[in-house]
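Student: Pulled the feature table from TrEMBL, pasting it below:
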- A:453-563: domain 'TMC' (DOMAIN)
- A:40-67: region 'Disordered' (REGION)
- A:723-745: region 'Disordered' (REGION)
- A:165-186: transmembrane segment (TRANSMEM)
- A:238-259: transmembrane segment (TRANSMEM)
- A:330-355: transmembrane segment (TRANSMEM)
- A:376-395: transmembrane segment (TRANSMEM)
- A:415-434: transmembrane segment (TRANSMEM)
- A:521-544: transmembrane segment (TRANSMEM)
- A:567-589: transmembrane segment (TRANSMEM)
- A:624-651: transmembrane segment (TRANSMEM)
Amino acid sequence: MEETRHRNVEFFRLESGESAATSLYDEPTSYHQTAVFTQLPSSQSLRRRRGESGHAGPAGWEEEEGDRATAGFLKPREWDPNTPLRMLPLSMEQKRNTRKQRQEKQRNIGCWESWQQSQRTSRRRLRESLANKLRDLQPWKAVLHQIEGKFGSGVMSYFTFLRCLVYLNLLNVLVITGMVIVPITVYERNSTVRQREATCKLNDSFLDLFSGMGFLGRSSLFYGFYTRRSLDSACLNIPLLFLLSVGVVLLVNLVWVVVRTVNGYKLKWMMGNRYKMTKSYKIFCGWDFCIQVPDSAALRHSNIRNDLKVDLEEERFLQRESQRTVQQWVLLYFMRAVLNLVVFVLLSGAFYLIYFATQRSQRYQQAKSGWILNLFMEYLPSITITLINFLLPFIFCKIVKFEDYSVANKVNITLVRSIFLKLASLAMFLFFMYQSVRTAQQNSKSPTCEKQCWENTIGQEMYKLLVFDFLASLGNTILVAYPRKQLVERCSWRLVQMIGKDQFLIPLNVLDIVYSQTVSWVGLFFCPLLPLLNLVKMLALFYIRKFHLFRNCAPVRRMFRASSSSVLFYFMLLLGLLMSLAALGIHFVEFKPSRACGPFQEQERVLDVATVCIQSLPNATRPVLLYLVSEAFAIPLILTEIILLTFYMSIYRANCKTIERLKDRLVMEGYDKRFLVNKLSAPLQKYERRLRTDISKGSDSEDIHSWQGVTDLQDFEPVLSRGVSVESEEDEGRSLAVMSTQNDT
Amino acid sequence: MGNKQTIFTDEQLDAYQDCTFFTRKEILRLHGRYHELAPNLVPMDYTNDPDVKLPLQLIINMPELKENPFRNRIVESFSEDGQGNLSFNDFVDMFSVLSEMAPRELKAIYAFKIYDFNTDNFICKEDLEKTLNKLTREELTAEEVNLVCDKVIEEADLDGDGKLAFADFENMISRAPDFLSLTVSTDKRDEVKPLLKTARAFESFTWV
């Protein structure tokens, strides 16, 4: 049956086979059915491989219907004898045969060889089992799997990001504990501070847990706890260790965030737009093969559909955009300018509100009764900031709808505005705090039981920010989102249904945890155990968010892909880190450490401890260190870096160009091959046609036999296989060209 | 070793262990599942390699595959005759390739076979249209389907012949960080236990 089908197609091709210059797109499939194609070395070796594996098919091209034995599209290659059997794309029968062959081969090799091989196998098995065990050790693995299945990989990546930050905070806590807390506990000794503590204990209460004063203020949580104590040598003292631990933590975090940002940048942007294969990914990687529940399957189907519809809509938007008239552009820009002004006004309003709240909170005198009011006034800045951070992104989302951007840009712009809002509000808050510290330092008083030293104050504000953020998140989940969901499910009023359930918006949620991490970095110097609090907060947040996701949220309508980079988020983390570094730098340069508390009490500047340590080092090292910080070292270093950067940039550009050239060449080679095959088979078809017409005419002249000999194609074979080792399309193209010039008679 | 099973010889179990990603226990469990599908047809004693094949209809009703839009193609790709009749060897092979331990390259080879509906070793536009319709349950209009397929071919076709050869497919897949969604779990521990693994280098995401 295959033969007649083969012939039928040939017959069909005969009609249009007059011209050798057929358009290449017209009959793509028949190209593969021409006799010449089957003689090409690439398809011959495919058939040879098929023959080897015990499925010898009839000669000539046919579909591999019963033949999944070897993947016919694979390039012919010999399997590396060291490849584990399970990695081979063969059927089970073939794998078992291969296994038998390998075992037989093994019996013939010497004992050294077989020992080596057995060592290799056992090492591989050990590595695999170790990798499996390590993967199983990771916490929350089952939960993440569950989330992935129900909500997709985008939502899961939020939780993975949260888990990463948990690891980071754990690392920070370990560093600080190891470098500061442990030496202190080891060298503990009574000091004068203890006496003051005794008198101050009278005013302690449970509320200190929230306000950060009282017993909490005197604990190791805050800056004021650390003094020089007994560890007092020139280079090994608590202040220096304190400084170093903060430096090490920030440096390690910086390296980590930069590495992550760079990885994402590499994949997303360096490949350029030509490699954006988003649609292909959506189709080929879109379905999660693990889905077993009909509801999840239906959800996934609709997610994929919505995703594709949004893509198509974006294409239509781009088309519309390219057709806008000048008048429309002017109107649009005017609108955008107005809305940006609105955003600016909102932001300034927010900053003024923060300033106002900070001032009121600082000036408020604690009343004896009315602890609620006291607590409220203390938390006023935190409440303001949290409210602003909650409301304004929502308003930005609404505003951006009027600005007529594409879907992707809408989200990007809202995100940029929200990031700016959160980081700037924190920066403004710090700025106002520093202002009030400066005025306080000018009228300096020694701290009493009620008034703390200014570093402690700042540390407490950071502490309050963290605590309130956590409480707000908890409150939102339990007191707002859960009742809302119950209401939406029970009540069928239109207003209620319009509000709907809460949505789990990934970008804004990630922004929350990035903000929390930034607060922990900024407050690190003033409140060294803040990473510990952040760690606890993130652990709790994981479960709170999981509850929120599973119980309170409407199903995610669009698929958020966990694929291409979220460079912007790691970049945001980087911005937060840079902001905290800047704040710390300003602190070291501008402010005198307070006289009566903290590890730097006796110094003029915080960095004096480092200077003292360096001066105490042996004389030999001093010139080296002086050289390292001088210009003579820095400038050549910068120049070298610039040269390296230029070098890598030019390599990158050259590679881009090479890639483009190779892609074009690939296309050209394919065209050439097809053109030549078509050109070659034209004379062949002429012979066949004449043969058939002669047969149908019934003439049995010896011409038939001579033509039959020609159509046998064996004559062509020597030309093809004549000492040409064909490894690539290019070579095949060249040999075809040789053939075609020979046959151009 | 003290295991009292009489289904396979030790040698057979070793062979299965080497040729798949499963352990002995998992292979025995898989045999149990295979037997469950047709208790009358499938013998409990496999020591002499009986030639028993289960038809397509039985396999695609397994809970792991029931909701999968590509279940027919999956079973056909792993069958010897291309019609979907699986022997136990093929059955084990299928779950081995679809398990989470199989590497991306192996999955890419079989994924290509699965998406190649007319088995001509190319993913042509008709194959793409069928894939898309199965993915979206035919809820896109014909024009939209056409547009999307054109876009995909434009994106992924490197040698310009209007359809995807395996080289094109592999090239595209190698850049897809979350391709390993081609995973089916036979673990009974969790009914929805997906094994999507984002690329290990970065766990990041986009909001688009």
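Every residue gets a Cβ built from N, Cα and C, even glycine.
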Student: If we skip the immediate neighbours and take only residues 6+ beyond the ends of the transmembrane segment (A:624-651), which ones have a Cβ under 8 Å from one of its Cβ atoms?
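Tutor: Contacts with the transmembrane segment (A:624-651): 614, 617.
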Student: Could you count the residues of the domain 'TMC' (A:453-563) that DSSP puts in helix, in strand and in coil?
Tutor: 83 helix, 2 strand, 26 coil
Student: Should the transmembrane segment (A:165-186) and the transmembrane segment (A:415-434) be scored as in contact, given a threshold of at least 3 Cβ pairs under 8 Å and pairs 6 or more apart?
Tutor: no
Student: Could you tell me what the rest of the chain brings near the transmembrane segment (A:567-589), counting residues at least six beyond its ends with Cβ under 8 Å?
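Tutor: Distant contacts of the transmembrane segment (A:567-589): 161, 246, 250, 253-254, 257-258, 260-261, 264-265, 268-269, 412, 415, 419, 423, 426-427, 430, 434, 510-511, 514-515, 517-518, 521-522, 524-525, 605-607.
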Student: Select the range from A:238-259, A:330-355, A:415-434 that forms the most Cβ-Cβ pairs under 8 Å with the transmembrane segment (A:376-395).
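Tutor: Counting Cβ pairs under 8 Å, the winner is A:415-434.
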Student: Go through the chain and flag residues at least 6 beyond the ends of the transmembrane segment (A:330-355) whose CB is under 8 A from any CB in it; none is fine as an answer.
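Tutor: Result: 324, 381, 384-385, 388, 392, 395-396, 399, 402-404, 417, 420-421, 424-425, 428-429, 432.
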